[in-house]
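Per Swiss-Prot, these features apply:
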BINDING   ASN7, GLU390  Mg(2+) binding site
BINDING   LYS14, HIS214, LEU215, GLY216, ASN217, GLY218, ASP289, LEU290, ARG291, GLY337, ILE338, GLY339, GLU340, ASN341  ATP binding site
BINDING   ARG98  substrate binding site
ACT_SITE  ASP155  active site, proton donor/acceptor
SITE      HIS186  site 'Transition state stabilizer'
SITE      ARG247  site 'Transition state stabilizer'
Amino acid sequence: MKILILNAGSSSQKSCLYDFKEKNFLDNPVEPIWKADIDWTLATGQGILTVKANGIKQKITLNSDDHHHGIAKMLGTLVEGKTKVIQHLSDISIVGHRVVHGGTDYSEATLITPDVKATIARLIPLAPTHNPSHLEGIEAIEQVLGNIPQVAVFDTAFHSQMPLEASVYPIPYEWLDKGIRRYGFHGTSHKYCAEKASQLLNKPLTHLKLITCHLGNGCSLAAIKNGISIDTTMGFTPLEGLMMGTRSGSIDPAILIYLMREYDFTFEQLNEMLNQESGLKGVSGISADLRAIFEAINQGNDRAQLALDMYLHRLRSQIGSMLASLGGLDALIFTAGIGENAAIVREKACQGFSFLGLKLDLEKNANSPVNIDISTPDSTVRILVIHTQEDWAIAQECCHWLNK
């Protein structure tokens, strides 16, 4: 069984192909046999396609920024040239798409139909940089592969069972009818990490209280009780919550009113500043990359130190919020680029909860841990580092759908 995964961004297209040969593959993640990325940000009117397969890496210039053309070219590398891994595109059994926003319409992976496409299009105002790209990917597959089954896996789906007190904003109730509510994001990653934690702890997911910390360029936490997300830090959009690489996270909304009234800021300017010029980048004045922040701190840069201190303060504060929603904690989980690789972030985050009996093993924490428990034997709470595999999780959802 061959499953193709597409993960479209506003200016990129990431894809991979899994070849499932073993009956027990669902419990044992495997590496894709083919990976491809398209970057449309390097030059106007063109893109760069990078393909990895058969032990080689190939770069191809796309002389067009037409996304349909780019995806068709990308799919061609599956069946021709040095990156050929299958005989025919018809060898692909199913295609899985990561879709950022499914609103309240979908609580699980869903076969893509005209109605589903219409819903994704209707939700474009809530995810203007992502949902249009998802539709382009879906339609490109339709053009090249015809009626092959396509499944949408929504970032918002895992959070769809949040209780009303966690999902409704304290604003005029009528706004709820306009779709203004907390949706949550990174759901595929949070769900995968919760299930992996259940395996690592050898305990049923239905008996666990977990906090998953997805810390990358975008950051969010989820409070997971008995396998269900009951609270999360991102809300109506991925801008709410934690301080992130270039996003502000939660701020006083009156700041925006003030800037518009006193300084004539437009909503386009505010949107750009809050999403692209804030967070670690905005405070440090250096970069959204923590590695660059650490380097600047070592050189005595006070703004870089402030950016890190703010990031950690807000992280600890939001972990505390998730802890209160859960009313207890079995495991604190770190994942994604920062969560998996920044030992100092894990250390400082855990220090804030030593009063609970949570104890970090500093040696384990420093040794690039992956999919292991880094707490001390006498810690009252387990601390896990889990390598998130969103593409793999989407492939699992596709397989479950095929086996229905």
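Cβ atoms are placed via backbone N, Cα and C, with glycine included.
Sequence features, as recorded in Swiss-Prot, placed on the structure.
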residue: ASN7; record: Mg(2+) binding site; contacts (Cβ under 8 Å, 6+ apart): GLN13, LYS14, SER15, HIS97, ARG98, GLU390, ASP391, ILE394
residue: HIS186; record: site 'Transition state stabilizer'; contacts (Cβ under 8 Å, 6+ apart): ASP155, HIS214, GLY218, SER220, ALA222, MET234
residue: ASN217; record: ATP binding site; contacts (Cβ under 8 Å, 6+ apart): MET244, GLY245, THR246, ALA288, GLY337
residue: ARG247; record: site 'Transition state stabilizer'; contacts (Cβ under 8 Å, 6+ apart): GLY218, PRO238, LEU239, LEU274, ASN275, SER278, GLY279
residue: ASP289; record: ATP binding site; contacts (Cβ under 8 Å, 6+ apart): GLY245, LEU280
residue: ARG291; record: ATP binding site; contacts (Cβ under 8 Å, 6+ apart): none
residue: ILE338; record: ATP binding site; contacts (Cβ under 8 Å, 6+ apart): LEU215, GLY216, CYS219, LEU290, VAL345
residue: GLU340; record: ATP binding site; contacts (Cβ under 8 Å, 6+ apart): PHE334, VAL370, VAL385, ILE386, HIS387, THR388
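Cβ-based crowding with a 10 Å cutoff singles out ASP155 as the top-ranked of the recorded positions ARG98, ASP155, GLU390. In this structure the residues listed as binding ATP are LYS14, HIS214, LEU215, GLY216, ASN217, GLY218, ASP289, LEU290, ARG291, GLY337, ILE338, GLY339, GLU340, ASN341; their two most distant Cα atoms lie 24 Å apart.
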